Amino acid sequence: MERDGDQAGHGPRHGSAGNGRELESPAAASLLAPMDLGEEPLEKAERARPAKDPNTYKVLSLVLSVCVLTTILGCIFGLKPSCAKEVKSCKGRCFERTFSNCRCDAACVSLGNCCLDFQETCVEPTHIWTCNKFRCGEKRLSRFVCSCADDCKTHNDCCINYSSVCQDKKSWVEETCESIDTPECPAEFESPPTLLFSLDGFRAEYLHTWGGLLPVISKLKNCGTYTKNMRPMYPTKTFPNHYSIVTGLYPESHGIIDNKMYDPKMNASFSLKSKEKFNPLWYKGQPIWVTANHQEVKSGTYFWPGSDVEIDGILPDIYKVYNGSVPFEERILAVLEWLQLPSHERPHFYTLYLEEPDSSGHSHGPVSSEVIKALQKVDRLVGMLMDGLKDLGLDKCLNLILISDHGMEQGSCKKYVYLNKYLGDVNNVKVVYGPAARLRPTDVPETYYSFNYEALAKNLSCREPNQHFRPYLKPFLPKRLHFAKSDRIEPLTFYLDPQWQLALNPSERKYCGSGFHGSDNLFSNMQALFIGYGPAFKHGAEVDSFENIEVYNLMCDLLGLIPAPNNGSHGSLNHLLKKPIYNPSHPKEEGFLSQCPIKSTSNDLGCTCDPWIVPIKDFEKQLNLTTEDVDDIYHMTVPYGRPRILLKQHHVCLLQQQQFLTGYSLDLLMPLWASYTFLRNDQFSRDDFSNCLYQDLRIPLSPVHKCSYYKSNSKLSYGFLTPPRLNRVSNHIYSEALLTSNIVPMYQSFQVIWHYLHDTLLQRYAHERNGINVVSGPVFDFDYDGRYDSLEILKQNSRVIRSQEILIPTHFFIVLTSCKQLSETPLECSALESSAYILPHRPDNIESCTHGKRESSWVEELLTLHRARVTDVELITGLSFYQDRQESVSELLRLKTHLPIFSQED
């Protein structure tokens, strides 16, 4: 290693004295000796001037000679080339002790005589990783982080942009955008490597708004595959989302549910600044570098949450313990160096992480000049990476995923909720502050599970008009959030409106007037960045939004790995790839499906319905269907195929009616689903069907099928899956929806929601979309894991009312499907559009603070809050939709995993 100031490989090196001065040359000493001889004669000559000594001219000649000699020596040993030309630049002179009209050594700063270009020539290259025209041809110094010297290629220490700046070659961003049809890799690369590159806190909107200032990222977007919004996981925090990206798991599944959390079973707390962060017990699931290790694929991680922790006893082959002070350029250069390792050492998968623009967003807010500067900085750094890949011949070989973990929101001190305002004494509780706040008792773990969270949630509900927070017992949170099934998630959580945060009191708040994140993952300002670029990705493609849990399966496909079990839908991102690797298939039906003919005899149901509404003889005739009738019914009621039953050992009757189709569970004695089509011009009748039921003789009769069972219950009643008022076939066809096979136990408070949905919203949706197909049914999720419960769990959670065992649903689902082309009806769709909802079934409507409100002011808002993916409905019901469609399964997975973004954040 050469010392700073020495020039490597160029001429002799001069020694220096201990005080930093150069040692005196012997030749100079001998030449200076005559100066001593000339001093005394000169003085004598001046005193003897009046006498005009004849030796005067000799003395003057000698003095003149000495002066000339002194000047020459000064030029040689002091001023050097400045004698011939005045030197005003430090180029080639950095940190040398040479004297001129300006200096370039470290002392010049204190002396105040530095050359004007000292800073940019000698100082900036010690921490700047790029060349400029002025640096080209500079003298190499070891203290420079990279070189722009003419021979830097030989020494392999060139700055990344040396070729474009000093050799007038095009940089990567200046080259034309070409489709990479086949990988163009160096011979030593058997297959394209993959790099996962995270720009923390890069809000999706940044690229929409400031793309013109970001030439490199914009080129990647235009030349690769891009989505306007990648949906993060909830809460939209750094550690949970980075770990979701590399595991394909929800935070509730992989255990990292927040940047700060408490585990009552471990009785330990996790934070980003604690040593507990390195405890492997916090990390569940299998990150991709562990997956790679199991399949003998090497990985290198330059920072990624979890990558410096022994998960399953495994670390990446190359990794760095997180240190935020490491310059961004150093991280990029390290990855480029790893790509040059011998093939037996070289990783095949890489991660790279930068803290910006998150850091600037937190400090100054998302709409600030500082964030714009941070965006331009990371754009230059991405350009540095691409230029480095180009120099290595990897710019058309490596598959790059440029990604972020979440967005950023502007905070306001006026948009903070403080619980002490409502609770008074708060000494017995602790709140994890923010937009996804959680509460637990201070006395943990002793009272963690026994604390009366329900009473506290009720106390904090509907305290004031237009309340900006909602307290939730976690089983009632929107199922799309998947934020319940973990002991690390406190039983009481808070859902905040856009831009709002919550803390126990003002002293515990943070990010009051600056940027923050963590809110609902459907809020537009929480959306993240995704760009895929490389030979595997499509050229110039823009795709619909998707969730970041899908990226793990995508990366496994790129690397040729078999994914570990995860929450993603493998194959749902096939449309991003030129040549998809994995070909998904529909799940196999597991339930026992049968036809159920009329067997039973009629009984008194204890109803008080007008006889003219349900003439029994005519009603029975309607159920005698021909084969042709059944075909027509299937075409009308399940145009995309009936839902398949994935519930193992489950016995289901398929019941056909003129207007709807039912999958009736003989195990639960209630319908699992009902399907019908609501055309644009269909109308609802005004008949009053309350207290009207007709016994379905095709199924066993249960006490829960009788009107009399519900008469004395003030809260529990029954509801119809298919609305009786929908009568679209003929005026002579009586409402088959009054059949006992169409009812489910339903709280009276929920009937308000259900009736408004049927009587008002479905009519409007059918008119707007030129008709809709509707599938609805009960949900049982007593263990709140977002998956259908086993028969054993259902039995444990059944209730006894009036000496009769009854199973009350925890939720109800609705799946609405229509055509993308509004000119088509639901019976002839060329392409589908869907929306799904999973509504909590609660004995009150306190969630919506409905007192004094009309249904029109809150029901649709509730539906929007509890919107879900079709995939979420499938997981929680054990059903599978759209299996008779002609589209590929991967195309259907795109449809099933879609969710719209909440764009209005007033």
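Cβ atoms here come from the backbone N, Cα and C positions, even for glycine.
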In Swiss-Prot, Cys653 is disulphide-linked to which residue out of Cys596, Cys607, Cys707?
Cys596
Swiss-Prot has Asp358, His362 down as binding Zn(2+) 2; which of His208, His242, His482, His517 does it also list for that site?
His517
Pick from Cys397, Cys413, Cys462, Cys512: which cysteine does Swiss-Prot list as forming a disulfide with Cys185?
Cys397
Which residue of Tyr302, Tyr322, Tyr552 does Swiss-Prot report at the same AMP site as Asp200, Thr238, Asn259, Lys277, Asp358, His406, His517?
Tyr322
To the nearest whole angstrom, what is the C-alpha distance linking Asn624 (N-linked glycosylation site) and Thr238 (active site, AMP-threonine intermediate)?
60
Looking only at the topological domain 'Extracellular' (80-906), what is the mean pLDDT?
93
Compare all C-alpha positions of Thr238, Asn259, Tyr322, Asp358, His406, His517, the record's dTMP binders, and send over the largest distance in angstrom.
22
Do any of Cys108, Cys223, Cys397, Cys413, Asn567, Cys596 (recorded positions) have a CA within 10 A of Asp783 (Ca(2+) binding site), and if so which?
none
Reduced to three states, what secondary structure does DSSP give Cys819 (disulfide bond)?
strand
For Asp358 (GMP binding site): DSSP state (helix, strand, coil):
helix
By Cα-Cα distance, the member of recorded positions Cys166, Cys185, Leu272, His406 nearest Arg787 (Ca(2+) binding site):
His406
Neighbour count (Cβ, 10 Å) for Tyr322 (GMP binding site):
16
